[in-house]
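What TrEMBL annotates here:
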type: ACT_SITE; residues: ASP119; note: active site
type: ACT_SITE; residues: ASP321; note: active site
type: DOMAIN; residues: 101-436; note: domain 'Peptidase A1'
type: SIGNAL; residues: 1-27; note: signal peptide
Amino acid sequence: MASLYSLCCVLFLALAIVALYVSPAVSTSRRGFERRNEVEDGFRVMLKHVDSGKNLTKWERIQRGIKRGQRRLQRLSVMFSTASSSSSVVKAPVAAGNGEFLMYLSIGTPPKSYSAVMDTGSDLIWTQCKPCSQCFKQSTPIFDPKLSSTFSKLSCSSHLCAALPEPTCGDGCEYVYSYGDYSSTQGVMATETFTFGKVSVPNIGFGCGEENDGEGFSQGAGLVGLGRGPLSLVSQLKEPKFSYCLTPFDETQKSTLLMGSIASVNRTLGAIKTTPLIHNPLQPSFYYLSLQGITVGGTRLPFNESTFAFQDDGSGGLIIDSGTTITYLEESVFNVLSKRFIKQMKLPVDNSGSTGLELCFILPSETSEVKVPKLIFHFDGADLDLPGENYVIADSNMGLICLAMGRSNGISILGNIQQQNMLVLHDLKKKTLSFVQTQCHKL
């Protein structure tokens with residue numbers, strides 16, 4: 001009995017020691033420990049298409065997206081002309097701006113929810129702030145820094161202020177950001193706690209916009225830049241990678257943005273294709289890819305690889321972009337691709353121009369199925385073999401089937417229709433982009 005009693009005492013003492021080392025001294029310590037793990041592991045943000053819930057048909061949504069994409073393409077053209085012009089003085093950075101997907105987040109302490117446009121073509125994070133001398137309408141209340149206990153203006157000597165292309169020093173670090181359509185935001189740089197789902201991240205540098213003007217901003221209450229520059233969300237979090245998975249236009253499910261380690265692609269999803277990210281020193285924020293060829297059907301298009309190379313003024317090349325709806329290719333390549341599609345589709349070409357797309361065919365009335373030629377983009381080290389729904393759009397009511405691509409001059413863009421139902425991983429540390437086909441609504 002004595003030995004049994006001694007054994008019980010020893011077990012009790014051992015359990016007490018284990019409890020001392022495993023259990024937190026106070027409950028807040030455990031929450032802090034879990035929060036650090038969450039930030040280190042990454043987090044998930046739901047994305048909503050800007051036209052979701054607007055009672056639009058698929059074609060109407062696509063046409064609206066095409067118009068926004070054309071404006072975005074014009075902005076990019078302005079960027080390149082500004083960068084290559086030596087006769088003008090750039091007074092403010094010019095960014096692409098806007099996008100096609102809204103992300104949900106909260107700002108401040110206590111957190112105030114709002115939605116912002118996700119933009120992989122720019123770096124600055126910004127939202128409208130009080131007092132607002134010029135603000136556009138937004139669906140949520142404008143952020144009031146006075147009501148947050150964690151708001152702090154950035155000093156002019158801060159490294160984030162130095163990362164701005166043209167900062168000024170007045171009431172703290174002040175910024176002006178201009179977009180290619182003459183839209184702009186300006187205000188003061190600050191740090192604040194941002195909350196993504198259940199994960200709160202302190203000291204995120206952002207623009208507190210007190211004067212914001214231009215079309216398109218009313219889609220959300222600001223922008224979240226996910227570009228490659230130091231001011232972007234991915235760079236500030238010190239998370240080396242992020243990915244998104246975009247659901248198709250005609251689905252109601254939301255898309256997903258993954259930050260940090262949870263953005264890693266899983267081989268169980270399918271074949272992973274990886275290609276290098278190319279750096280353009282004159283346009284460092286964009287995610288450039290090396291496009292070396294295109295195959296239509298069984299035929300590789302005859303064009304020189306230098307067609308998609310950078311020019312001395314920073315133009316040229318191809319970027320992958322979540323904020324542009326359809327793919328735009330250098331005009332000479334698009335013309336060859338169009339001729340190849342016309343030859344292989346063997347359908348009458350529609351010249352009405354009713355869809356906003358450059359190449360459409362008239363569907364035969366006697367059949368519900370049409371075979372389309374295979375389309376493969378040959379990137380450096382990776383072939384992107386697209387499913388048909390990622391490059392052609394059909395509508396039996398209109399009796400048309402169209403190529404979801406267009407022509408451009410100065411820059412080519414891989415748009416988001418070509419990326420739908422595909423997990424696209426941007427690894428900034430490895431300087432690579434990976435993609436794997438998957439059902440995005442199941443992630």
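The backbone N, Cα and C atoms fix where each Cβ goes, glycine too.
Since we're looking at a predicted model, the values are computed, not measured.
When pLDDT is averaged over the domain 'Peptidase A1' (101-436), the result is 91. Here the Cβ of ASP321 (active site) has 27 other Cβ atoms within 10 Å, regardless of which shown protein chain they belong to. Other Cβ atoms within 10 Å of the Cβ of ASP119 (active site) number 28 in total over all chains. Here the C-alpha separation of ASP119 (active site) and ASP321 (active site) works out to 8 Å.
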